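> Pulled from TrEMBL, these are the listed features:
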type	residues	note
DOMAIN	211-420	domain 'BAAT/Acyl-CoA thioester hydrolase C-terminal'
ACT_SITE	S239	active site, charge relay system
ACT_SITE	D330	active site, charge relay system
ACT_SITE	H365	active site, charge relay system
Amino acid sequence: MSQTIPPVLSVHPTRALVDEAFKVVVTNLPPATPVTLHALHYSEDKDYWEAFGHYISDHRGMVSAAQHVSLGGTYTGIEPMGLLWSMCPEPGSRTGLRLRKRIVTSPMLIHISVYSGHITVGFRNQTPLASVLTERWYMAPGVQRVEINDKRVRGTLFIPPGPGPFPGLLDMWGGGGGLLEYRSALLASHGYVSLALEYFSPGELQTADLQIQYFESAFNIVKDHPQVISDKVGIIGLSLGAIIAFYIASESKVAKPHCCVCISGHHIFAFGETIGSVQREQQKELKARVDENNYRIWRDVRLPVPSDPSEKIDVRKITCPLLLVTGNDDQNTPSVEAAEDIAQMMSSSGRQHLLSTLTYPDTGHLIEPPYSPHFRATNFIKPTTKEKVIVLWGGRTKPHSDAQEDSWRKILAFLEQHLYSRTPPKARL
């Protein structure tokens with residue numbers, strides 16, 4: 001490409017929360033010129049992730065990701081945020097990777113670049129026409145991160161900026177174990193005191209079975225915090241975290257959530273079972289299947305949904321608003337079948353008005369905050385045996401990504417409706 005005025009690449013805003021959209025525009029190109037927009041991220045696990053789209057500049061010599069069609073690449077069509085949600089490991093990377101932010105006090109750094117021509121490989125070996133470094137944050141300015149040193153509970157509390165008090169949330173992830181803070185940091189950036197709970201470390205379930213009291217203690221740490229409105233505390237959980245949320249909302253005499261968001265979970269949990277036994281049952285190979293790539297499919301382990309009420313959490317007892325988020329292609333848990341049974345059970349007790357369900361086509365198990373990459377299958381270390389396998393989560397990239405964007409917006413609206421009596425503060429970078 002020969003011209004005297006170099007192309008200008010702009011990304012606005014260059015510093016933003018991860019659930020904020022940005023605008024990517026290239027100007028000063030010759031008209032009808034092929035170029036490639038490219039995003040590159042070097043992860044905390046020391047892997048390169050990338051996304052790219054092929055464009056043709058318009059008659060003004062401009063390319064806008066929000067207005068122009070990507071003709072090829074990791075995404076196609078008019079996709080303003082395709083450079084983020086279609087990210088995948090660079091060719092030649094290790095198999096089964098998953099991109100998750102571990103250190104929320106620092107941003108995800110994304111290099112946005114424009115290259116001459118339509119290229120598909122070897123981006124780091126070529127010189128871009130222009131490049132911009134962007135920061136994507138889970139933790140807004142002023143959010144406090146407080147490690148919980150209570151002997152009863154392990155986790156990290158995130159407190160929004162400002163005088164408070166604020167609504168509170170207990171935030172629980174799934175069966176992989178460990179401490180994941182990024183969703184709680186983002187929820188605090190939207191005005192909620194959120195406790196990211198670690199409820200077992202990888203391998204711990206070989207020696208310890210957690211009981212419901214652990215989660216009640218965690219809930220009360222949030223409820224009793226001086227910055228929290230004590231009667232405005234909810235629970236958000238994904239996968240195993242959603243199972244625990246169902247159980248607390250149905251059975252606990254100590255923790256009384258004001259609302260619950262349950263993502264990709266189920267209620268097939270017999271009264272008296274321990275968390276460890278749920279994990280062991282979930283990962284039994286007797287009813288598990290594998291696909292053509294030998295990826296583990298665990299959704300059938302708990303199917304069919306039992307008709308015996310003693311084999312399920314009695315969700316008929318739930319008295320708070322409940323939002324279910326499910327994907328029709330969830331290959332890890334029977335979340336859609338469970339949602340249908342939960343609706344029938346709550347209807348039988350006259351509490352169907354408390355239930356809202358979001359079900360998304362071609363969407364898998366790992367429904368994350370918006371613009372997160374889609375992970376159809378990733379490495380997984382079974383906490384009960386430490387065996388390393390590749391688990392099929394399901395979903396197709398474009399519809400799954402659309403579901404993440406839509407569900408996050410509706411989750412925030414649900415939390416605002418039930419936990420805020422006023423408009424929550426909106427942190428911006």
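Cβ coordinates come from backbone N, Cα and C, glycine included.
TrEMBL annotations: computationally assigned, not manually curated.
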> Validating a neighbour-count step here. Other CB atoms within 10 A of the CB of H365 (active site, charge relay system): how many?
28
> About how far apart, in whole Å, are the alpha carbons (Cα) of S239 (active site, charge relay system) and D330 (active site, charge relay system)?
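S239 (active site, charge relay system) and D330 (active site, charge relay system) have their Cα atoms 11 Å apart.
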> Return the residues near D330 (active site, charge relay system), defined as same-chain residues 6+ apart in sequence whose C-beta is under 8 angstroms from its C-beta, sorted by sequence, else 'none'.
S264, R299, V336, T363, G364, H365, W393, G394
> Neighbour count, 10 Å Cβ-Cβ cut-off, for S239 (active site, charge relay system): what number do you get?
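The answer is 26.
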